[in-house]
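> Pulled from Swiss-Prot, these are the listed features:
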- Arg43: L-glutamate binding site (BINDING)
- Ala77, Ser78, Trp103, Thr153, Asp173, Gln196, Asn238, Thr239: pyridoxal 5'-phosphate binding site (BINDING)
- Lys197: N6-(pyridoxal phosphate)lysine (MOD_RES)
Amino acid sequence: MTQRAYNFNAGPSALPQEVLEKAQQQLVDFRDSGMSIMEMSHRSAIFDEVHNEAIALLKKLYAIPENYEVLFLQGGASLQFTMVPMNFLSTDQKASYVLSGSWSEKAFKEAKFFGTPVEAASTKDNQYRNIPALADIQFDEDDAYVHITSNNTIYGTQWRDYPDTGNVPLVADMSSDILSKPIDIQKFGLIYAGAQKNLGPSGVTVVIIRKDLLEKANKSIPTMLKYTTHADSNSLYNTPPTFGIYMLGEVLKWVESNGGVTAVEKRNELKAKVIYDAIDNSNGFYKGHATPESRSLMNITFRVADEELEKQFLAEAKAAGFVGLNGHRSVGGCRASTYNAVPLEACEALRDFMVDFQQKHQ
């Protein structure tokens, strides 16, 4: 086999090699059925077992209480930008959005179709280099909800702690750091996440929603856009992304077999430190975008001091087997996405490349 790439893609992103190899082994004949999991009816007993195993394991790994539902939807986090306000924001209500990057801006924009979104806080004036201080977040007790984006892939920032919103439901887009660290689910009314960074391949959107919110959701909206439709049918109202759910379940098994979410967090801290140390010890040759207290463990964003040298850095890195180091097209620069499945060895190899490149060109 060709040597595996050092995959730092921002999403879809690296998957555990052992999960890929297991899927390869099971691809043609799944559980002695004579069929691939991709060929099976989503109403079959075998897929039903796969589906329910994945839900149960996510609940176990994240200690999700009984008063929450886990849904497997489609449309990505981008559809959740619409579904959240469509279900919970009426024309005479406000919802508070914390703006910490491009994705929170997109969510904010979608909410305008349904009610009145207001800025609870924003760090746009600081080029989204940091997460707003908890004390700066403003919202009213009668807000429909408060919305945050827990990790910002483009700018490389991440929430360490979450706001206490009291009786106002806290909604979080956790697409890029779900399952990267333990969290207290009960702080949140709703969590949503596209799978393609930490949970599996693209095509599945995970929603964790408190049951009392389901009871309050708008009933006068299209059937497929109601959370209750999917909660009442165990996410099987229509044909689900069967292979994606199977892969998600296998990734969850991998997390469990490698020590669970607490162990994942420790590995992520170590991986990120390896690269951040290379930036911090470079005497300004590499410059991080995010302020240190807001640095993401998932997306490490930086610039090379000289623009022409930065282009050379990215070209040589690509030639050396590093994939996905270009920053987002909207901001440029460099970005190393170190999601759960990215091995420490890849981060150490990137560190060594960065140090070597600096020594050659400083």
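The backbone N, Cα and C atoms fix where each Cβ goes, glycine too.
Help me picture these features in the structure, burial and contacts included.
The Cβ of Arg43 (L-glutamate binding site) lies under 8 Å from the Cβ of Leu236, each on the same chain and at least six residues away in sequence. Look at Arg43 (L-glutamate binding site): DSSP puts it in coil.
Other Cβ atoms within 10 Å of the Cβ of Gln196 (pyridoxal 5'-phosphate binding site), summed over all protein chains shown, number 24.
Non-local neighbourhood of Lys197 (N6-(pyridoxal phosphate)lysine): Ala10, Gly11, Pro12, Ser13, Thr153, Ser175, Ser176, Asp177, Ile178, Met298, Ser337, Tyr339, each in the same chain, at least six residues away, with C-beta under 8 Å from its C-beta. Secondary structure at Lys197 (N6-(pyridoxal phosphate)lysine), as computed by DSSP, is coil.
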> Near Thr239 (pyridoxal 5'-phosphate binding site), which residues of its own chain have a C-beta under 8 A away, given they sit six or more steps off in sequence?
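Expected: His42.
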> Under DSSP, is Asn238 (pyridoxal 5'-phosphate binding site) helix, strand or coil?
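The three-state answer is coil.
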> Find, among the binding-site residues listed as Ser78, Thr153, Asn238, the one whose Cβ has the highest number of other Cβ atoms within 10 Å in the structure shown.
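Sorting the candidates by Cβ neighbours within 10 Å, the top entry is Thr153.
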> Find the longest CA to CA distance in the recorded pyridoxal 5'-phosphate-binding set Ala77, Ser78, Trp103, Thr153, Asp173, Gln196, Asn238, Thr239; express it in Å as a whole number.
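Between the most distant Cα atoms of the pyridoxal 5'-phosphate site, 31 Å.
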> Can you tell me whether DSSP puts Thr153 (pyridoxal 5'-phosphate binding site) in helix, strand or coil?
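Note: Thr153 (pyridoxal 5'-phosphate binding site) is coil by DSSP, not helix or strand.
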